[in-house]
Amino acid sequence: QDAGNHTLLSEFVLSGLSSRPELQHLLFFTICLVYSMTLMGNLLICMVTVHPTLHMPMYFFLRVLSLLDISTATVVVPKMLVSLLSEDRSISYLGCVTQLYCVVFLAATEWYLLAAMAYDRYVAVCSPLRYSAIMNSRACLSLVLLSCCSGKVVSVVQTAWVFTLSLCGPRRINYFFCDIPPLIMLSCTDTSRYERQLISATVLVIFTPFCLILLSYTCIISSILKISSAESRHKTFSTCSSHLTVVTLYCASGTLIYLQPKSTNSQDAKKILALIYTTVVPTLNPLIYSLRNKEVKEVLIRVMAVLMKK
């Protein structure tokens, strides 16, 4: 028994996205393409948002969001791609701990950052004359640092909780990366207390920022409706709708994954949701923000023209 537990705790085996051999190469090329688009799109956003004409808090937050998206995809996708082409799908205990910590940290930080971005839009629309004074560079940096610190606290607590559970089940993780729901499935002890704690953490990390975002946008929509010019209303709402689209995507996938952590019936569905959360959404973010933002599109066209000349 001791030897078995030692083997279990020294490494895990990830089952991956699919056990069907005929799908492995198709999945590899598809995910590799999506990952490449994630990197290129978000790096392009990072390049575009440092342009002198886009030196506004909104674009500073967007640049940080892109860096978080790149990090989220990079923590998960390369290991998944290797597993699709290799029979060895093992991951060391330390590697699993590190991956879980990074995934939770990045996800939580991103949620708090989305709340900060909603606050930025609220100040811009509802207090335009005080916008520069309130959202100065120090305030923006403080909001980003607060988001990172909050994400770090959540990640440390959740990772510590998971790996203090008695993981004496089979060492095979029915997932393509180390995440909380599949890991607690390996526990041989009662996890109901931990599941309640996880639901509380989910509410804290997802629904608290989501409620703040909703409150901000209630005030924003109220202010937009008071604008007499239809063109100004459309421009203001277009800027805000990009952020709302991203929030909706994150909220839908995140809550469905973590609110029922030990549901075996929905494990395959959770794989799909986790794939959307870690690979598809980071790819969509640059498209959502660039296609719906006139200023970003204009600078993007200029940057692309310069790159093509080179």
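Quick reminder: no glycine exception, Cβ is built from N, Cα and C everywhere.
TrEMBL labels come from automatic prediction, so no person has curated them.
Per TrEMBL, the feature transmembrane segment maps to 26-48, 60-78, 98-119, 140-163, 199-225, 237-260, 272-291. Taken from TrEMBL, the feature domain 'G-protein coupled receptors family 1 profile' covers 41-289.
By the Cβ criterion (under 8 Å, sequence separation of 6 or more), the transmembrane segment (60-78) is not in contact with the transmembrane segment (199-225), since fewer than 3 such pairs are found. Between the transmembrane segment (26-48) and the stretches 98-119, 199-225, 272-291, it is 272-291 that has the most C-beta pairs under 8 angstroms.
Confidence in the domain 'G-protein coupled receptors family 1 profile' (41-289), given as mean pLDDT, stands at 84. Remote same-chain partners of the transmembrane segment (98-119), defined as residues 6 or more beyond its termini with a Cβ less than 8 Å from a stretch Cβ, comprise 58, 61-62, 64-65, 68-69, 71-72, 75-76, 79, 91, 143-144, 146-148, 150-152, 154-156, 158-159, 162, 177-180, 183, 205-206, 209, 212-213, 216-217, 243, 246-247, 250, 254, 277-278.
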